[in-house]
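In what follows, a single structure is set out as structure tokens and then discussed.
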Amino acid sequence: MLASLPASLALVVALATSASAHAAFWDKSMYGFNVTAQTFSYDNRPQVPLYDMTFDQWWFHGHKDYPPNEGDFFELPAGGEVNAIISCDKGATPFYASSPGGDSGYGSDSPCPGQPTSEYHTTGIDDVKGCCMAIAYKADVNDVQPDDFVVFSCNATCVWTMNTKFEIPKLPACPEGGCHCAWFWIHSYDSGAEQIYMNGFKCQVTGDVGTQPLGKPAVPRRCGADPDHGRPDPVPGNCTIGAKTPMYWYQKEGNNMFEDTYDAPYYNQLYGFADGAQNDIFMDGVIASLASSGASSTLTSSADSLSAVASSTSYPAHPTSSQGAASTAYPSSSTDAASMTQPYPTSSSSSSTSEAQPTSSRSSTDVQTTLSAVTSSVSADSSTVSASSTPEDVVATTSTAESINPTRSCKPRPSGAAVQKKKRKHARRLHNAH
């Protein structure tokens with residue numbers, strides 16, 4: 001007994017330390033609200049990161065069999081805003097009473113009370129990369145597929161405080177039985193191992209609901225300024241405008257993003273996500289440079305083409321050399337269908353056609369307005385592509401031929417042997433730590 005005491009104490013310390021690391025969305029409406037470290041054969045608490053997992057493990061965090069109580073919904077006031085609770089530990093939230101460890105710091109607005117910022121994967125406020133919420137207009141969780149989700153709100157300074165505001169666009173009403181939503185986060189590549197976070201929850205649009213259906217979502221594309229990787233200027237023409245899917249990255253299967261370890265995708269302007277309500281979601285997702293033609297027929301066909309790539313049932317896993325070397329064009333986040341090898345597992349319940357994600361087409365005027373807004377947003381900090389640039393000016397920075405090519409190649413890593421050696425050392429340290 002005495003001989004085993006040090007090992008037991010070490011385990012307790014390790015569990016206590018890990019209990020406050022990482023972050024999750026917390027609410028009674030969530031799947032896995034009462035999941036503990038002992039529920040699964042592995043630690044699958046809501047705040048545990050998702051990395052190199054099978055589809056069933058990472059999708060809804062593997063918590064579909066742990067639904068919220070009947071009638072528990074997270075309310076989304078159409079055209080308003082909502083406060084979300086983001087924390088490393090359920091015990092530090094208003095829901096501490098149902099936490100295995102009880103109150104562990106509730107009252108602080110820190111996402112991880114008493115812990116350094118490294119516990120929620122950032123070196124400081126200038127290193128946070130944003131998080132988002134997405135919605136699927138399906139009441140049965142077994143009907144929800146990855147391409148049903150549309151990102152409707154982002155917070156660019158997330159994760160930084162426990163109380164995190166999300167602005168809500170004029171969303172239409174949910175079907176009978178409510179909608180499904182999810183919180184997504186990908187942290188800075190230099191502040192933790194490559195991983196994603198996803199927590200699903202039941203949601204309901206309330207108040208003065210809209211009547212405009214959401215557009216068909218497309219995969220986000222890297223288009224913002226990225227000076228850390230040698231791209232000081234944004235390329236707005238490469239943005240996906242309109243409805244966008246969440247970003248599924250670095251899993252064994254089900255990925256729609258294929259950026260490598262040091263090129264993590266983020267829910268911010270780097271991928272065309274504005275801070276706040278995503279008010280362009282009422283048009284089909286399409287590459288900005290294609291939408292600038294002003295022809296609604298071109299927009300519709302382009303959106304259908306892009307969405308077909310995004311919603312294909314086959315996705316490759318991690319990047320491989322077969323995907324080709326980085327091109328001179330700004331990298332796309334869509335993929336060549338011929339290279340797709342790993343399908344989404346199909347649900348045991350067939351999708352309900354009566355609750356399918358509503359879609360819409362928009363006029364060329366709407367497209368031009370949205371394109372101008374995107375141009376202004378991603379160009380705000382650029383001296384080359386100004387906020388007053390016309391759509392034609394923007395398109396000149398990225399050719400249509402480059403943009404419509406569905407083959408995606410990863411962005412080249414920073415040059416220099418010293419830089420690469422430092423990054424490899426950093427990655428090894430992070431993997432050992434997590």
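Every residue gets a Cβ built from N, Cα and C, even glycine.
When you check Swiss-Prot, the disulphide partner of C181 from the set C174, C203 turns out to be C203. Between C223 and the candidates C179, C239, Swiss-Prot records the disulphide pairing with C239. Counting only same-chain residues six or more apart in sequence, the Cβ atoms lying under 8 angstroms from the Cβ of N34 (N-linked glycosylation site) belong to Y66, S98.
Rounded to a whole number, the distance between the Cα atoms of C112 (disulfide bond) and C181 (disulfide bond) is 24 Å. It is 27 Å from the Cα atom of C158 (disulfide bond) to that of C174 (disulfide bond). Taking C174 (disulfide bond) as the reference point, none of the recorded positions C88, C131, N155, C223, N238, C239 has a C-alpha atom within 10 Å of its C-alpha.
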